[in-house]
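Here's the structure we're looking at; comments come further down.
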Amino acid sequence: MKIVLQNNEQDCLLACYSMILGYFGRDVAIHELYSGEMIPPDGLSVSYLKNINMKHQVSMHVYKTDKKNSPNKIFYPKMLPVIIQWNDNHFVVVTKIYRKNVTLIDPAIGKVKYNYNDFMKKFSGYIITLSPNSSFTKKKRISEIIFPLKKIFKNRNTFLYIFSLFISQIVALWFSIILRDILNKSHDITYSFIMMISLVLFQTLSLLMKLGAQKNTNLLYESKISRQIFKGIFSRPLLYFRNNSVGTIIEKINLRTGIRDGILLKIFPSLLNFFTVFIVIIYLGTISFTLTLFLVIMNLLYMIFSFSLISIKRQANIQYTQQTIDFTSVVQEDLNQIEQIKAQANEKECVKRWTKKSAQTIFSYNKILNIDGITSAFNQGFNYICVILMMIFGIYLNQGNLVSIPDLIIFQSGISLFVSAVNQIQDVMFEISRLSIYGNKISDLLIENPQRIDNIEKHSNNAIILKDISYSYELNNYIFNNINFSIKKGEKIAIVGKSGSGKSTLFNILLGLISYEGEVTYGYENLRQIIGVVSQNMNLRKGSLIENIVSNNNSEELDIQKINDVLKDVNMLELVDSLPQKIFSQLFENGKNLSGGQIQRLLIAKSLLNNNKFIFWDEPFSSLDNQNRIHIYKNVLENPDYKSQTIIMISHHLDVLKYVDRVIYIDDKKIMIDKHNNLLLNDSYNSFVNE
């Protein structure tokens, strides 16, 4: 069964689902199983699973089994493979049941074996079976990375690279021939010296060709793969980034270099070296057919043993790769919560969690080291045995004048070459498997999502118009259904409602960050260039203060008076002027040399600058005290200097309601929009604001 690794903890069941579909002959990637832009907030519900079952023409059954029975009594061969719940919060695929062991594929780490006792400790008791319907059709899928890889490696650069490797192999063989001729005294010193100079020249030529081809291929790889991955990432909807941790996305991005290096540095050289061996065999056969046959037989025996280790090493590498990704995700998650960890003195728990995850990574890495150690020890032992047997056999042939001593030296070199070729073929098979996994993990990033085209009516008096807008995480389970309203240019709007009512969802619809049903029309030309945003997750970058608040900080074009006016309106001018270099002072990464409230006020200033006309604020006052908050209410929301700028905000500070033109109130999936005083006549709104 083809192994499919999960992208994150949330889609482990989808990874298992993908593996079962692949077993039946329908090759479907995890990202193709997503219904929309993300897994619903409440997880993989029954309706969600029913939809993908219908789409992929399979039937699903869920069983609760008695855990008192042993695995061979719970699972019978014909029902395998099946999905089971694991540790109460995870899913895996059971593939084989043996007398004492169970083989399963964990989408977090790959294929693993458990004895009955350990298996039953982790098995939660729930079994999910999938079976094809009568309408089920098989489907082969070509990974999205295959086509761009062909473009990169099917060209002149690859030919030059392979040719340079071929020259290098020929030089190595040529060296052995020259050495044999010197020992046989076949040529004089002058001839031998000329041959040595020629070897150096050809080796240098090979190196120059190789470096040139590698550099050109790297540039092509960057333009075809890396750039496409970057475009694919930024074409993803906002919900994609909420469904995947920063650590997971970074790890997936970094896999691209592993694919390039695996092809250039391992697969190509190894394949060429293996094929060069056949030339060596032909040459050695002309010296002594008997010794060549002996050499081939010995290396076939070596190959049989070595190849038995490939699957074990491949699985160990899968585990190590996934464990590394998991460890990075845990570290990223904890570091994002460092303030809470410090405040609650949870450092010991974090150290314990990191240590456990790191130990799992080291355990997987040690398995690779063990396999490499066994392989290395066997290689050395085989070399010793093979050389000794070759010498014993060769001396016997030498006594019969069938081979010379220099010939034996050539055959000794042949042993090393053969062993190296077999090892490299192992590496090729290992790399192909590894790169297949890497390719599948980043395949979704190579797909550029089509972008919604904003509907613009630039001469409209409205900043935005919503017509028959509906939104749902799941089919027919609508958060909003057929909502209609408009906001005029220059209006200041506050969105309020109880927690979980859908404020952020509506905010993201207005901003065009999530998909929806219906039509949104904007009243601004070049909309995306004149939008200012303050979100809960925004922060400052490392660099000067001016670089953080002004998009074009060309000193000749800076309107210092305008910048100072805005900084004064958000109550930051006095602080900025107290800095050594004022607005040109340097900020640390994430603005760590400022307080949370100062960062928030600078972000508000940034949203108001840069010729922005349509402003969106999501909880912009969460870190501000009453004094600074009221200052912004009076100096921005009520300031005629900002009358042409439309501001839409979410805020849990209800004192802002007296300073805005209208309020959008969300209650039980319904939307009311009116002036604050008019909405107070509504019992639900009145109760909400006076709680």
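Backbone N, Cα and C atoms are what each Cβ position is placed from, and that goes for glycine too.
Since we're looking at a predicted model, the values are computed, not measured.
Database features (Swiss-Prot):
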- 6-130: domain 'Peptidase C39' (DOMAIN)
- CYS12: active site (ACT_SITE)
- 158-434: domain 'ABC transmembrane type-1' (DOMAIN)
- 159-179: transmembrane segment (TRANSMEM)
- 189-209: transmembrane segment (TRANSMEM)
- 262-284: transmembrane segment (TRANSMEM)
- 289-311: transmembrane segment (TRANSMEM)
- 385-405: transmembrane segment (TRANSMEM)
- 464-689: domain 'ABC transporter' (DOMAIN)
- GLY497, LYS498, SER499, GLY500, SER501, GLY502, LYS503, SER504: ATP binding site (BINDING)
Among LYS498, LYS503, the one of these binding-site residues whose Cβ has the fewest neighbouring Cβ atoms within 10 Å: LYS498
Sorted by sequence, non-GLY497, LYS498, SER499, GLY500, SER501, GLY502, LYS503, SER504 residues with Cβ within 8 Å of centre, ATP: ILE666
Non-local residues, at least 6 beyond the ends, that sit with Cβ under 8 Å of the transmembrane segment (262-284): 149, 153, 158, 161-162, 165-166, 169-170, 173, 177, 214, 217, 291-292, 295-296, 410-411, 414, 417-418, 420-421, 424-425, 427-428, 431-432, 434-435, 438
The domain 'Peptidase C39' (6-130), counted residue by residue under DSSP: helix, strand, coil: 43 helix, 41 strand, 41 coil
Rounded distance in angstrom between the Cα atoms of GLY497 (ATP binding site) and the residue listed as 'active site': 34
Residue pair GLY500 (ATP binding site), the residue listed as 'active site' - Cα distance, angstrom, rounded: 26
GLY500 (ATP binding site): secondary structure state under DSSP, collapsed to three categories: coil
Most Cβ neighbours inside 10 Å, all chains, among the binding-site residues SER499, SER501, SER504: SER501
List of residues, in chain order, with Cβ under 8 A from that of GLY502 (ATP binding site) and at least 6 apart: ILE479, PHE480, ILE666, LYS669
CYS12 (active site) to SER501 (ATP binding site) - Cα separation in whole Å: 29
Residues from the same chain, set at least six apart from the ends of the transmembrane segment (385-405), whose C-beta lies under 8 A from its own: 183-184, 287-288, 290-291, 294-295, 298, 302, 411-412, 415
Site with most surrounding Cβ atoms, counting all protein chains shown within 10 Å, from the binding-site residues GLY497, GLY500: GLY497
Other CB atoms within 10 A, centred on CYS12 (active site): 23
Mean predicted confidence [pLDDT] for the domain 'ABC transporter' (464-689): 91
